[in-house]
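Record features, source TrEMBL:
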- Asn43, Thr45, Arg49, Glu82, Asp107, Asn165, Leu166, Arg183, Asn184: S-adenosyl-L-methionine binding site (BINDING)
- 1-239: domain 'CheR-type methyltransferase' (DOMAIN)
Amino acid sequence: MVYSRLGRRLRKLNIASFKEYLDCMESGTGEEFAAFINALTTNLTYFYRETHHFSVLRSFLESGGLPRGATIWSAGCSTGEEAYSIAMVLATVRGLRPQNGQVVASDIDTSVLEHAERGVYTEERVKNVPPADLKRFFLGGMGDNAGFVKVRPELRQLITFRQINLHGTSWAVRVPVKVIFCRNVMIYFDAPSRRRILERFAAQLDPGGLLFLGHAENIADFGGVFRSLGQTAYMRTDCDA
Ligand SMILES: C[S@@+](CC[C@H](N)C(=O)[O-])C[C@H]1O[C@@H](n2cnc3c(N)ncnc32)[C@H](O)[C@@H]1O
């Protein structure tokens, strides 16, 4: 996989060997390093992926789980579908006012973040979005933009996009964080890295806060800090043991 993804990059730059590519990256300004990271990430995502998580989020918001000004973090947001799905649930329950709750959406990959920030999707990609949400939160494209939809600015303003490497030493996320979605991201990490990141999520989340992981991820070996709510949704307990 690494060979074929980087091979595409080498062909594009007309470079003959991985050694030459490495030299080019190490002597450059850092621009190629970003392209190198972007070439290696796997970005599959879609709107309302694992719908049950959004039902849990909705109940959490309806029961007043998110204090005013608190953050919901979509960590590893890819092209933005997860963050906009969260924002639609937030807006449905709490209205379109940023002071009632905001989403931080982050990824390591700068090209998917650019796509996410544009908020433009093909009609095919929004087929999982319920018609009422589509009508309320998207604008249909016309003329040259036929076949595309764009997220309405009122929804877009609930989200701040930023580049965050989960392996990095500091995460610039506004606190308090009440909900973290980190789905289908850590599946690519080794066990010690996963553990380190889960420890940092636990420290970042208030007790009673929620953590959502992808369906193939679990934290069974992580101890009592997160209580399972079923289907890879977890609640941060107040016990650090
Ligand atoms: C398969 S996508 C999942 C998108 C979304 N969370 C979902 O479940 O639909 C995984 C995302 O994690 C991002 N990612 C991979 N390694 C990362 C890291 N070290 N820090 C932040 N994001 C990372 C990738 O760039 C990619 O966009």
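The backbone N, Cα and C atoms fix where each Cβ goes, glycine too.
Heads up, TrEMBL stuff is auto-annotated, nobody curated it.
Cβ neighbours within 10 Å of Arg49 (S-adenosyl-L-methionine binding site), excluding its own Cβ and spanning all shown chains: 19.
It is Asn43, among the binding-site residues Asn43, Asn184, whose Cβ has the fewest other Cβ atoms within 10 Å in the structure shown.
Take Asn43, Thr45, Arg49, Glu82, Asp107, Asn165, Leu166, Arg183, Asn184, the residues named in the record as contacts for S-adenosyl-L-methionine: the widest Cα to Cα gap among them comes to 22 Å. Of all Cβ atoms in the protein chains displayed, 28 besides its own lie within 10 Å of the Cβ of Asp107 (S-adenosyl-L-methionine binding site).
Its Cβ taken as reference, Leu166 (S-adenosyl-L-methionine binding site) is surrounded by 20 other Cβ atoms within 10 Å in the chains shown. Averaged across the domain 'CheR-type methyltransferase' (1-239), the predicted model reaches a pLDDT of 94. According to DSSP, Asp107 (S-adenosyl-L-methionine binding site) sits within a strand segment.
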